[in-house]
Amino acid sequence: MKELMPRPGTCDPLCSVDELSSQDFEATYQPKTDLLKALAILASAAAGAVAINHSWVAANQDIAMAIVFGLGYAGIIFEESLAFNKSGVGLLMAVSLWVIRSIGAPSVDIAVNELSHASAEVSEIVFFVLGAMTIVEIVDAHQGFKLVTDNITTRNPRTLLWVIGFVTFFLSSVLDNLTSTIVMVSLLRKLVPPSEYRKFLGAVVVIAANAGGAWTPIGDVTTTMLWIHGQISTLQTMKDLFIPSVVSLAVPLALMSLTSEVDGKGDDSSNIMTSEQMAPRGQLVFSVGIGALIFVPVFKSITGLPPYMGMLLGLGVLWILTDAIHYGESSRQRLKVPQALSRIDTQGALFFLGILLSVSSLEAAGLLRELANYLDAHIPNLELTASAIGIVSAIIDNVPLVAATMGMYDLSSIPQDAEFWQLVAYCAGTGGSMLVIGSAAGVAFMGMEKVDFFWYMKKVSGFALAGYTAGIFAYLATHNHQISLPTTLAQVPFLSGS
C-alpha cells in the first residue's frame, strides 16, 4: 500500500482526492509547457479583444461576424483534430458574436433587447433537452429499457436486422436518437458476438434512430427546435413524416439484407449473454418516464404553455416518485435524480446553448435574411433547399443548420406546417446517417463499437443515401407532387451552366 500513498506535501493544483490521479499528475506535470499554453491562450484572447474593439468591426459588422462564425464553425467541425471541445468553442463563438453585434448595433440597448429575446427562446430548448435527458437517464438507471430489449429473442440474421431496425425506430420516436443508439448498441453486445455483422447491426441502429427521431416533435433535437418555435405542429408532423421516415429505414434494410455481411454471418445460436438485473420498481419508473415524455405534446395542446413546461412537469413527477419509492434506501442513491443529473450530457446542452445564441446573433444582424434572399434568387424551389440541408447535415452539425434555416425563413413568409418546414425536419433528421460523424447517434456508435470513418462510408453510406433519397420522393409522392427529376436538376444554377 505504501506505493499507492502520495508523498507528503505533494498535491496537484486542484488537490485531487484521488491518490492515483495525484501520482499520475506528478509524473506528467510540466510547468513550463503549461505556462506557455496559458500565455498563448491569454495572448489570443487579448488579441481578439483588441480586434473586436477596432473601428473596422463597427463599420463592417457583417464581415466580422461571418469571419468569427466561420472560425468557430471550423473549430467545431475539426474538434478531434484540434483537441478543443466543441462546447467550449460554441460558447466562445456565441459571446464573441454578441459583442460584435453590440458594437455594430445602432445602440447597446437595441443589442441588449435582441439578446434578451434570443435568450428566452434558446432557454426553452435547453430546459427541454435537460429535462428529457434526465428522465431518460433515470429510466436507464433502473434498467427500465430491459422491458423492450428482453423481448428480442430471434437469432436469424435477416430477421434480427429488421427487428433491431424497427425497435430502434419506434424507441427513437419517443426518446432522443442518441439515447436510443446507446441503449440498442448496448443490447447488441449482449445478443451478437464481435463481428462484421454486429457492426452492420450497429449501423442499422444509427439509420433507424435518425429516421425514428424525424417524425415526432420529441424524437430529435432539430425537430424539437422546429416544434418549440412553431414551424411544425405535433399531429401534422407525425402524419406527414411517418411514411417518409419508414421508407428511409426500409430501403436500407432491404438492401442490407442482400449483402454478404448479413447473409449467413449472424449468430444463430440460442445463447443469450446475461444482462444486468432490472432495478427495483424498474417497470414503474419506465412506465412513468415514458408516459411523461409522451404527455409533453398533450400538455402543450391543453394549456398552451411552451413544451419545456410539460417536460419539467414530467421530471418533477418522476423526481418525487423516485424519492418516495427509494426512501430510506441509502444503497440506492444512484437511482435518484441528483445522481442522474451528474451523469447527463451537460456539455451537450451547453453546446446547444452556444450554437443557438450564435445563430440568433446572425439573425439579429440581418445576415440570415440576406442569405435567404440569395438562396431564393439562385435555387429554383424550396424542396431543393431542404434537400441540400439534409446532405450538408451529414458533414456538419444539423443543430446550427436548422437554427440558421429558422432564422432565414420566418413564419410570415412560410407558415406553420408548410411543406418546406416538414421537409427540413425530415432532411435534417435523416441526412446525418450518410456519414458516421453526421449525427450524435453515429458518433456514439463509432465510439462504442470502435468503427472507422471509412468503414462506415464504404459499407453503409450508400444505403443511407438511398434511404434518404427514397424518403424525399415518398414525401413528395404523398403530397401529389409531379416529380420530374431531369427538369428539376436543370434548374440548378451550377448544373445548368448559368
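Cβ coordinates come from backbone N, Cα and C, glycine included.
Just so you know, TrEMBL annotations are computer predictions that nobody has curated.
Note that the structure is predicted; figures quoted are calculated from it, not measured.
Copied from TrEMBL, the annotated features are:
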- 74-406: domain 'Citrate transporter-like' (DOMAIN)
- 38-57: transmembrane segment (TRANSMEM)
- 63-82: transmembrane segment (TRANSMEM)
- 160-188: transmembrane segment (TRANSMEM)
- 200-218: transmembrane segment (TRANSMEM)
- 283-302: transmembrane segment (TRANSMEM)
- 308-328: transmembrane segment (TRANSMEM)
- 349-368: transmembrane segment (TRANSMEM)
- 388-411: transmembrane segment (TRANSMEM)
- 423-448: transmembrane segment (TRANSMEM)
- 460-478: transmembrane segment (TRANSMEM)
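Among the recorded stretches 160-188, 200-218, 283-302, 308-328, 388-411, the one sharing the largest number of Cβ pairs closer than 8 Å with the transmembrane segment (460-478) is 200-218. When the stretches 160-188, 200-218, 308-328, 349-368, 388-411 are ranked by Cβ pairs under 8 Å to the transmembrane segment (283-302), first place goes to 308-328. Long-range contacts of the transmembrane segment (160-188) within the same chain, counting only residues at least 6 positions beyond its ends with a Cβ under 8 Å from a Cβ of the stretch, are 132-133, 136, 140, 145, 148-149, 152, 154, 198, 200-202, 204-213, 215-216, 218-221, 245-246, 249, 253, 256-257, 262, 266, 290, 293-294, 345, 429, 439-441, 444-445, 448-449. Between the transmembrane segment (388-411) and the transmembrane segment (200-218), the number of CB pairs under 8 angstroms, six or more residues apart, is fewer than three, so the stretches are not in contact.
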